[in-house]
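Feature list (source: TrEMBL):
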- 1-14: compositional bias 'Basic residues' (COMPBIAS)
- 50-59: compositional bias 'Basic and acidic residues' (COMPBIAS)
- 60-69: compositional bias 'Acidic residues' (COMPBIAS)
- 102-117: compositional bias 'Basic and acidic residues' (COMPBIAS)
- 151-167: compositional bias 'Basic and acidic residues' (COMPBIAS)
- 85-162: domain 'Casein kinase substrate phosphoprotein PP28' (DOMAIN)
- 1-117: region 'Disordered' (REGION)
- 151-181: region 'Disordered' (REGION)
Amino acid sequence: MPKGGRKGGHKGRARQYTSPEEIDAQLQAEKQKAREEEEQEESGDGAAGDPKKEKKSLDSDESEDEDDDYQQKRKGVEGLIDIENPNRVAQTAKKVTQLDLDGPKELSRREREEIEKQKAKERYMKMHLAGKTEQAKADLARLAIIRKQREEAAKKKEEERKAKDDATLSGKRMQSLSLNK
């Protein structure tokens, strides 16, 4: 806990902050003084009646500057700091009548990539079903080999069955012939 039992600094008075309007007024006063000095240097020392006219013209310039300040009302510290960021985009509020709801909507990068991924998958499946992909060709070759093996196995079984039937028939014939004797 700080000395004195209070929060904050122990020295000095409370801080006083100048408002943006006061700062603008000070800047305009400095500009006005600079203009007056330049005009006095240009015109010389002998023009005593001219400063009144100059003040009137400067007053009109100030009123125009103030109008510009009111048009460009800045929030917070923006009035204190001049921002010259070329990448900064001024936000403009659009009216409901100006919105283009029927136009094409710009998708985010993730959405675009997801759509491209789905389309690529569909294209691949069509090519695969048509047998144009390498994987489909390999599958078809494997299936052809399996079909041949099955056909050979079926033929072999058929021959064995026929041989068995022949053997049983010839065995029965032998038995019948031997019984007949």
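Including glycine, each Cβ sits where the backbone N, Cα and C put it.
Counting residue by residue with DSSP, the domain 'Casein kinase substrate phosphoprotein PP28' (85-162) contains 54 helix, 0 strand, 24 coil. In the predicted model, residues of the domain 'Casein kinase substrate phosphoprotein PP28' (85-162) average a pLDDT of 88.
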